[in-house]
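Everything on this sheet refers to the single structure shown next.
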Amino acid sequence: MGTSAPGPGWCVLVLVLLLDTCGAGGQDFQVLQPKEPVSVSAGDTLELNCTVPQRGPAGPVKWFKGSGGDRQLVHAETGSFPRVTKAVPNSLTDYSIHISDVRPEDAGTYYCVKFTKGLPDKEYRSGAGMMVSVSASPSAPSVSGPASRVEPGSPVNFTCTSKGLSPGDITVTWLKDGAKLPAQPLQILLENERDSYCVSSTLARTLTVGDIRSQLTCQIDEHSPRPAPLREAYSLSQALRVSPRPRLTTNYSGAVPVNEMVAFTCSLVGFYPNVARLTWMENGNETGPEKSPSPTENPNGTFSLTRTLEVRATEQRNQSSFTCRAVHDSQPPASVTRVLAVTATSNKMEEDKKEGVGAGPPATPQVTAAANQLHRTPERAAHRMFLGYRGAA
């Protein structure tokens, strides 16, 4: 009894198996990616999920960002890909990856793609793609003022900047001591291809002495779920310099009697910042005590400093010049000078003259009257004396 040949059913089964093994019948082969978009914060780790059936043609699985000819290779089984690792190493079905330290430029659509092995490898199936958005972590606002201090009355620009902002709907508010200032022009620039912006706002102000205790605040609001706006404060005292000229007074308004003590007082009132020094000079040579007193703070935040120099008004010091020299906050020195005039007569001698010192004892009223009478009629007195002499004879 001979062996019968296989029927037509066997031939169909073998053909289906061969087609499935070679990939020609891979219409049911799917690369599975989640359809929901993913949002991640900058600096976090992003997980991209992908599952590939084990059955199918031999060949690698690769990850791309974008599609078409401009797509960017993100991960493959061979090669170096910084910040990208396979989530489950050695798995033949789970091709999920991790991207660490996510950056704004990582935003985009990612595709998990199955290839058939060859020279070169050919794309076999692609996942539907996963859209990724990156919520940037903005930098703290930075407020800058003038490069050097300015005097009151000078116009000054203050600039507030911040980077890494997302989304692009951003407002900047300036406040002075908590009160809102008029809105200022705003410049918003796209830093990267997506979801990252740089903002800059400039405020023009004219400063006064009263601004020493005031501060500006730059407040940046993003119309996003961020819990609170970003703020940065700037003390206006950082931008101000108040440099008054020194004032010099003495305890004498005119010439000084010889050997009297003269007090020269130099004052520097209302300066800021608290960096000042007063020195005394006599005829161009520095004099006076070396130790300088400490400044005192005024109610408006400025400072005052006073130094007194006491000298004896000798004849040698007549027409000597006394100079107070003030140096404030590394500025050029400012000085004021007085010339000492010394008289030859002291106050004691003047007082003695007024009191009649050295003129003898005071005369009695009778003597004074007689003297006055004699002074008024000398001829009559002499005649009476002559008559009296004749009568005696």
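Even glycines carry a Cβ here, placed using N, Cα and C.
The compositional bias 'Polar residues' annotation in TrEMBL covers 293-303. Counting only same-chain residues 6+ beyond the ends of the compositional bias 'Polar residues' (293-303), those with a CB under 8 A from a CB of the stretch are 209-210, 212-213, 237, 242, 270-274, 276.
The domain 'Ig-like' annotation in TrEMBL covers 27-112 (among others).
Positions annotated as domain 'Ig-like' by TrEMBL: 138-237 (among others).
Among the features that TrEMBL reports, domain 'Ig-like' is placed at 246-337 (among others). Per-residue confidence over the domain 'Ig-like' (246-337) averages out at a pLDDT of 94.
Feature annotation from TrEMBL assigns region 'Disordered' to 283-303 (among others).
TrEMBL lists 347-370 (among others) with the feature region 'Disordered'.
Here TrEMBL flags 1-26 as signal peptide.
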